[in-house]
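Undergrad: Have a look at this one.
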Amino acid sequence: MLSALQSPRSLSRFPLFHSSKPFLFHSSSHALPNASLTDQSTTTSTSSLPQSQILSTRHSLLSRQITATEVAESYLARLRLTEPQLNSFLHVSDSVLREAQDLDRRIASNEEVGLLAGVLVGVKDNLCTADMPSTGGSRILEGYQPPFDATAVKRVKDLGGIVVGKTNMDEFGMGSTTEGSAFQVTANPWDISRVPGGSSGGSAAAVSARQCMVSLGSDTGGSVRQPASFCGVVGLKPTYGRVSRFGLMAYASSLDVVGCFGSSVVDTGILLHAISGHDRFDATTSKQDVPDFGSHFVSATSWESKPLKGLRIGLIRETLEDGVESGVVSAIRAAALHFEELGCTVNEVSLPSFSLGLPAYYILASSESSSNLSRYDGIRYGKQVFADELSSLYGDSRAEGFGSEVKMRILMGTYALSAGYYDAYYKRAQQVRTIIRNSFKEALNQNDVLISPAAPSPAYKIGEKKNDPLAMYAGDIMTVNVNLAGLPALVLPCGFVEGGSTGLPVGLQMIGSAFCEGELLRVGHIFEQTLENCNFVPPIIAENSAS
């Protein structure tokens, strides 16, 4: 908890921004198929790789310029200062400094350390952690501590990552603002009167405010990408099957994926590489080899004048029509012009089935959730209400443990699956899903990457849409189709609109073919590094550093 954190020290002790000392990296113990990363001992020039907080931290640790304990103390101090305003975390680990000190001893003994050594990682609270509570943002799991780590969490730890804590979220991932958490409301670091997005709002806010270097989230219908847009960070939804879902609390099993947040495309790609690969505990994970995503990141000094020459970009026409704020449209069109300057060919493409995705998604997701959440019955784990009869125990435990949004979606899903309505709702939604998948396939046959806004608006005020669920659902229009198609998508900040004290960030969504995360990362990195006059650091950092 926050009271257990060390007293704040100088926030300038560890850099907020990227070091100018890029370097090669490698994995010491994480077994990924054919995923060779370049050995750290290789001598390279300082211009051989791009800037990255993870890489600069590793370089500083191995060159003895700084210790892991100092890194941890700096981040914990910043977390202590900003957390009362943001409420990004539901639980902060009390073992962060102990793990950092152990890492320092290993480095001093010249032991080999993992790719994520000393990297502080936030973990969304629907990913199981054996040493911390995992509630899924719900009262029904209040105080629950799993006996195991989710595969994604285990892989982070195996590579030396330090889990700083569990981040806030909408209950069981059902929401777009993080106001649906049963415990607290998270604020946006760009304007604390606004939402950070959801359902992974805590993970996005934590990275944006530099409370951790990177974080894990989950994305069922946009829960990584929309918060990334609202908080001005990079968010990556992998292809369905790229990352194991073992240990992820199930919402809609055919749509759920574990995703990544970072303050740069490079850091996000490194985290994706760390957690990707087949897992025997999840039959839906792909056995495809995980590529070396690091090979897609090259220094700007080695780029040609048109580094993306020949790339075909498709701007989805339906994402710029009615219902999308004019400032968002302007930012996306400016991003399209920037792609042209980088050598791309940009054409508008039409996906006539795009508007069908939202109703189909909510039918399918609600139907799957009504089945998945039946396990929370007050018997096996979680909140239990005493009752004389078993049926009353079930009913009362669920009535008191679940929030209103979860109850509504369970009822919606149960209705859609009920006799007499299955064909009219669930079956038709599955047919629409096939149409959407085919339309994306056709568009990606003609284009290398599709682009759109990540959300139709920037972050809005806390409470603005809480009592209007239809308006909140409509905000998912940009993202749900990607989940229905099972495709990867990368969101990165591309500009600002008016709002708050310094403006509000706008996120650009890039969609690729299945298992083509490497290409998205390459394109996104070049776009990010060549975008001028944009500093995506929220004002809360400067305010707290000054204090």
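Including glycine, each Cβ sits where the backbone N, Cα and C put it.
TrEMBL annotations: computationally assigned, not manually curated.
Copied straight from TrEMBL:
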DOMAIN    70-521  domain 'Amidase'
ACT_SITE  Lys124  active site, charge relay system
ACT_SITE  Ser199  active site, charge relay system
ACT_SITE  Ser223  active site, acyl-ester intermediate
Undergrad: Give the distance between the Cα atoms of Ser199 (active site, charge relay system) and Ser223 (active site, acyl-ester intermediate), rounded to the nearest whole Å.
TA: 5
Undergrad: Which whole-number value in Å describes the distance between the Cα atoms of Lys124 (active site, charge relay system) and Ser223 (active site, acyl-ester intermediate)?
TA: 11
Undergrad: Please give me the CB contact count at 10 A for Ser223 (active site, acyl-ester intermediate), counting all chains in the structure.
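TA: I count 36 other Cβ atoms within 10 Å of it.
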Undergrad: Around the C-beta of Ser199 (active site, charge relay system), how many further C-beta atoms are within 10 angstroms, looking at every protein chain?
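TA: Ser199 (active site, charge relay system): 34 neighbouring Cβ atoms within 10 Å.
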Undergrad: Measure from the Cβ of Lys124 (active site, charge relay system) and count the other Cβ atoms within 10 Å, all protein chains considered.
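TA: So the Cβ neighbour count for Lys124 (active site, charge relay system) comes to 35.
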Undergrad: Over the domain 'Amidase' (70-521), work out the mean pLDDT and round it to an integer.
TA: 96
